[in-house]
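Peer 1: Pulled the feature table from TrEMBL, pasting it below:
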type	residues	note
ACT_SITE	414	active site
ACT_SITE	503	active site, proton donor
DOMAIN	103-151	domain 'FTP'
DOMAIN	274-421	domain 'Peptidase M4'
DOMAIN	424-578	domain 'Peptidase M4 C-terminal'
DOMAIN	616-680	domain 'Peptidase C-terminal archaeal/bacterial'
DOMAIN	712-801	domain 'CUB'
SIGNAL	1-21	signal peptide
């Protein structure tokens, strides 16, 4: 991206007719620069608000999109008390996410015992929700916005999108059923209903004559705007939840214009696909039962949510789900065939208690939803899963698995899928799907409660092979999972590809959990951090980086910023290749705000330091003893870093944002002696823990009469310049001993097209060609001529001058905008190549 250099005093000099903002024909204003300037304006406001409350502003960037995913500090100028206030705040600052149109609608508001509130909004364009775009505004107990995070996509093209919804919901459902070949199972419905809008018959209460498939709930279709492989499309998103030999919780994206299926994935949380399971191991359980009609049943009515446990009696007839309620004539469920139901009933009670006692969560939906489990599904069925409605367990084949319902960590894993569905709703594919699996593994471990047992499913996996398991959080590589991003496995988002490797790549965040949990060494703290991250900060399409950020913010909320818990999380994720470390070997730290700025730094002295993470910002300060020239240079830049000069109040007075790894430089004329700050930051979260940058500042330290003064002037050649071009820009500062110009960008055909720097008498002092940026050209005397001369073929960008300077014993009067480009029309001498 092309970036600009801006200053407090701005006088724009243009070629041709005198007018601010004029450009040559064919030269368009860079829209990306406008967007970035809006972002900078918002972040400057956030910085000031945070500084007033002595809070540090932290920003996590999505480098590919050039927008933040997580911002924390003190962000609001006035308290947010309700949904309307939160919406106004979001609308006022949506340019930070480069969102140009559309409107936000509230999805839900969550409150917690810390007194914080979390307003979750979805973006709608033309009344249609945008898939994956979700922002959350977080307020403290005083109503101040302390964070905003989520996922946004700013690339939606302008269109009349609601005119593109040509496929009805009922039609889309039929298309989705045909796509899954469900039509071959002779689908029928026991009842029908008529859509009041379309007058079409909508299928309801689906039954399957062949008994191969039955829906858990009525199929639904919701219109969305969906970015599929870089192309925005209006779609109907169809959800089909059904049982059978191949149970499904399918999400199918049907193009709303053509009726073609463009994307799909199965969101069923299937533990057998990852090798998870439970087994019956003969433990004696204390059960909560219900006694009705002279029978005891596996019904627990003692909790905030009712718990029922059923048996499918080895049937796969899904029309019978959840099956037969498990009963006995006495209160001893001690027969062998009852073991799986006993374990399922007992373990889900422990899981419910864990969520209730630790987080005051009442069932998976936090509203007391009934919890149903079905055991003895099929024969030799190596599977256990949450299907979007209930949990289902097979008995295993006795070789790869025992009955799967008895392992507490697996039951906790499956129930956590239900909790995730009702909180972050992590999409079940690629990184978000691997996070979904990892979160379930984490809570499976935490619920089981054995701090030294990092295995998953060991109580049911390969009963004839002691000591092994489905997965190992401590050593994921034991069971074919990667433990670092360097070994991330890229798979297709298909069923054969495990929906992008959700059960494979979960090993990476699992390893991070092991590292951080071992360091924190307090599972009560660790569980609270993970639950808050899941329920408060993660969104449907969160990636591994987002999980790290969410956990860091949750740790900050609960146990303070930059505490031991925060450090443990940051370093654990760094060890698995996700994000940077907490400042450790970084020099001059802490210096992340004006309040903690390092200094005073010495004039004309080199300082080497690091931008150590995507949230790191380095501040320095110095004191001038007189008015005059301040020059700041940032060199040896390993990534795209920017540098800013701030006055004593923290207001930016000059900045350099050249782009890429080009050197950055600031030249500013200080009107009086005083304190100044220098801020160094990575653009869009850029950082390097291995390569330092070099900073140097020159500023008035005495009373010398002669010094450099600088002014902001924008002078541009045509972009691109023409062939046989010969033009000169002249800058004169009457009374100056020396003058100079600063090129923010220079690009010519190397060896053939030149920019000649001439003095007042047209003597060539220096010449430049090729590609250069961020440099000064200087001559003695009060006049400098910049002469661009090109040959007869091949053109290039030309140049942009953004500053001029003069050397004098006093500050001279500022020039007024004028036409200062002189056309030289005399014939050129062209050299043949």
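Every residue number used here counts from 1 along the chain in the order it is shown.
Including glycine, each Cβ sits where the backbone N, Cα and C put it.
Mind mapping these onto the model and telling me what they sit next to?
Peer 2: For the recorded site, residue 414 (active site), the DSSP three-state label reads helix.
Following the DSSP three-state reduction, the secondary structure of residue 503 (active site, proton donor) is coil.
Taking H, G and I as helix, E and B as strand and the rest as coil, DSSP gives the domain 'Peptidase M4' (274-421) the counts 42 helix, 29 strand, 77 coil.
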Peer 1: If you measure residue 414 (active site) to residue 503 (active site, proton donor) at Cα, how many Å is it?
Peer 2: 14
Peer 1: Find the member of 274-421, 424-578, 712-801 that has more C-beta pairs under 8 Å to the domain 'FTP' (103-151) than any other listed stretch.
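Peer 2: The stretch I would name here is 424-578.
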Peer 1: Whose Cβ, among the active-site residues 414, 503, has more other Cβ atoms within 10 Å than any of the rest?
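Peer 2: In terms of Cβ crowding, the pick is 414.
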